[in-house]
Amino acid sequence: MNKFATVLVLASICLAGVSAQCPRIVTRAQWGARAASTAQLPIRPAPWVVMHHTAGAACTTDAACAQQMRNIQSFHMDGNGWADIGYNFLVGENGAAYEGRGWGRQGAHAPGYNDRSVGMGVIGTFTNGIPNAAARNAAQQLISCGVSLGHIASNYWLIGHRQAVATACPGNAFFNEIRNWPRFNPNV
């Protein structure tokens, strides 16, 4: 086997290992995002992951989740006057991750952490119940994916939005759930 073929095989094996850790990611173009311009994340890889819920309707199908993403983006841009949807990624109860601002972009989701974190959330309200297994698994896979791709520091800390600012987010039930996830930091 020549050197080029060997390198190609090794690269394929490496990429297969990385993509195996990532959930299905629906791109901005696939969910119908509006054009936006946001700043680069100044601290990379991000040392923090901030978990949210959207405090609205949940979604279990690709079409419903894409509609929710468009609704949230419109609320954030038109209602809040932000440059884009505030989160880096959101996860639906269909098990897919939806690209918000994406990797390496500064979010507008948690004051004091926006320039040093990846903001992730689950679409829905999780005050009295937790997201389904598909959403929880996708969120944890997305964090692992971010670490594997070098967007999230391997020694990151996970917090709930309520630890950054006075809010009920990510809902009482979901907050109690993420307290059991790897790298949760109770002492922010």
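Yeah, the Cβs are placed from backbone N, Cα and C, and that goes for glycine too.
Because TrEMBL annotations are produced automatically, they should be read as predictions rather than curated entries.
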* Cys22 has a disulfide partner in TrEMBL; which of Cys65, Cys145 is it? -> Cys145
* **Disulfide-linked residue for Cys59, taking TrEMBL as the record, within Cys14, Cys65** => Cys65
* To do: Let me know the model's mean pLDDT on the domain 'Peptidoglycan recognition protein family' (23-165).
  => 97
* Neighbourhood of Cys22 (disulfide bond) by C-beta distance under 8 A, where only residues 6 or more apart in the same chain count -> Ala97, Gln141, Leu142, Ser144, Cys145, Ser148, Leu149
